[in-house]
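Asks: Dumping the structure here so I can ask a few things about it.
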Amino acid sequence: MHSYQLLGLAAVGSLVSAAPAPSRVSEFAKKASTCTFTSASEASESISSCSDVVLSSIEVPAGETLDLSDAADGSTITFEGTTSFGYKEWKGPLIRFGGKDLTVTMADGAVIDGDGSRWWDSKGTNGGKTKPKFMYIHDVEDSTFKGINIKNTPVQAISVQATNVHLNDFTIDNSDGDDNGGHNTDGFDISESTGVYISGATVKNQDDCIAINSGESISFTGGTCSGGHGLSIGSVGGRDDNTVKNVTISDSTVSNSANGVRIKTIYKETGDVSEITYSNIQLSGITDYGIVIEQDYENGSPTGTPSTGIPITDVTVDGVTGTLEDDATQVYILCGDGSCSDWTWSGVDLSGGKTSDKCENVPSGASC
């Protein structure tokens, strides 16, 4: 064999030996797609390149958002340890999600702690300190959030504007705000969404457990709500989207709250509320209304004068039972002339409190 042939074979051999084995290439790729972040800026800047994200005890600087809206489609995001936030008066949000096919979860013992007492002043969003919204699940599609543990939000906890999302086994605990000025600490605020499925949530707060302002194909089941304003649809009206359709709220408890079941629409606005079901709702310690449906809200408060621009139709109330405080009203219905229809009620059994003599235009199938 000629010497140049020997040199050629040697060169080929060196190239072969230098190439990593396929298993090593795969391992390198796997490592590159798994990212652990310990700062908000790192996470926001690099999350798009990771398929498996761990957020480890992140301290988010004051006035900044833990921005996860560039998450890669199909990625998994896991919170570890305590996620905390610096103090500043601003509108937030403190956390923002975005993306498709996401799985968001938490490691054992993890918590997202808003330390809301720094902002609480009994005024919520109605004045006083400017308080940041907590979590935006916006522009999210076909995703699952599970086991999310949230504590002490400054004001509203979770804003949802999404398509086909499952929110499973959330804990939102703002009970420290009961005696420390927590206000407007809604659990779930849903708008402009299609397909939001909430199951197994525990919400302790000082406002609506859930409030559906617009959207369709929404369910809330197996929930435990206490301390707040109950299970609400609305206020509906005065927004870009003013339709609420195909909502089921079922198999849930509401305790030590202002209201049990509530639907409210805005006076002289237009829109539509239809295909609403409340089923198997157990109430206790209700202070204001067991069931309240009214078409008279203006500037955040009832006026006593209903309007007809937002019909409330095809409402099923089945198995709303429980106890009210002495000063509470069992059922209050205030509809415009002909703007509430096709209601079906059964198994409504409320004790305590009093009946109302101020109901108006109660549709057949319901009683006040």
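Each residue, glycine too, has its Cβ placed from N, Cα and C.
So Swiss-Prot says this about it:
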type	residues	note
ACT_SITE	ASP207	active site, proton donor
ACT_SITE	HIS229	active site
DISULFID	CYS35-CYS50	disulfide bond
DISULFID	CYS209-CYS225	disulfide bond
DISULFID	CYS335-CYS340	disulfide bond
DISULFID	CYS359-CYS368	disulfide bond
CARBOHYD	SER44	O-linked glycosylation site
CARBOHYD	SER46	O-linked glycosylation site
REPEAT	162-192	repeat 'PbH1 2'
REPEAT	273-295	repeat 'PbH1 5'
SIGNAL	1-18	signal peptide
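I'd like these features described in context: how deep, what's nearby, how far apart.
Replies: All protein chains shown were included, and the count of other CB atoms within 10 Å of the CB of ASP207 (active site, proton donor) stands at 27. In the three-state DSSP scheme, ASP207 (active site, proton donor) is classed as coil.
Residues near HIS229 (active site) in space but far in sequence (CB under 8 A, at least 6 apart, same chain), listed by position: ASP207, ASP208, CYS209, SER257, ALA258, ASN259, ARG262. In the three-state DSSP assignment, the secondary structure recorded for HIS229 (active site) is coil.
Sequence-distant neighbours of CYS50 (disulfide bond) (same chain, six or more apart, CB under 8 Å from its CB) are SER33, THR34, CYS35, ALA72, SER75, listed in sequence order. In the three-state DSSP scheme, CYS50 (disulfide bond) is classed as coil.
For CYS225 (disulfide bond), the same-chain residues lying six or more positions away in sequence with a CB closer than 8 A to its CB are GLY187, VAL203, CYS209, ILE210, LEU231, SER252, THR253, VAL254, SER255, SER257.
Note: CYS335 (disulfide bond) has non-local neighbours ILE293, GLU294, GLN295, PRO306, ILE312, GLU360, ASN361, VAL362, PRO363, i.e. same-chain residues 6+ apart with C-beta under 8 A of its own C-beta.
Neighbour count (other Cβ atoms within 10 Å of the Cβ, all protein chains): 18 for CYS359 (disulfide bond).
Secondary structure at SER44 (O-linked glycosylation site), as computed by DSSP, is helix.
In sequence order, CYS35, PHE37 make up the list of same-chain residues 6 or more apart from SER46 (O-linked glycosylation site) whose Cβ falls under 8 Å from its Cβ.
Beyond its flanks by at least six residues, the repeat 'PbH1 2' (162-192) meets 116-117, 120-126, 137-153, 155-156, 198-215, 218, 220, 225-228, 239-241 of its own chain at Cβ-Cβ distances under 8 Å.
Counting same-chain residues at least six beyond the ends of the repeat 'PbH1 5' (273-295), those with a Cβ under 8 angstroms from any Cβ of the stretch are 230-231, 233-234, 236, 243-265, 267, 302, 306-308, 310-325, 327-336, 339-340, 348, 350, 353.
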Asks: Roughly how many Å lie between the Cα atoms of SER44 (O-linked glycosylation site) and CYS368 (disulfide bond), rounded to a whole value?
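Replies: Rounded to the nearest whole number, the Cα-Cα distance is 52 Å.
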Asks: Tell me whether CYS35 (disulfide bond) sits in a helix, a strand or coil according to DSSP.
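Replies: It is in a strand.
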Asks: To see if you understand the setup: which same-chain residues, six or more apart in sequence, place their Cβ under 8 Å from that of CYS368 (disulfide bond)?
Replies: VAL331, TYR332, ILE333, THR355, SER356, CYS359, VAL362
Asks: What is the three-state DSSP composition of the repeat 'PbH1 5' (273-295), stated as helix, strand and coil residue counts?
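Replies: Its residues divide into 0 helix, 21 strand, 2 coil.
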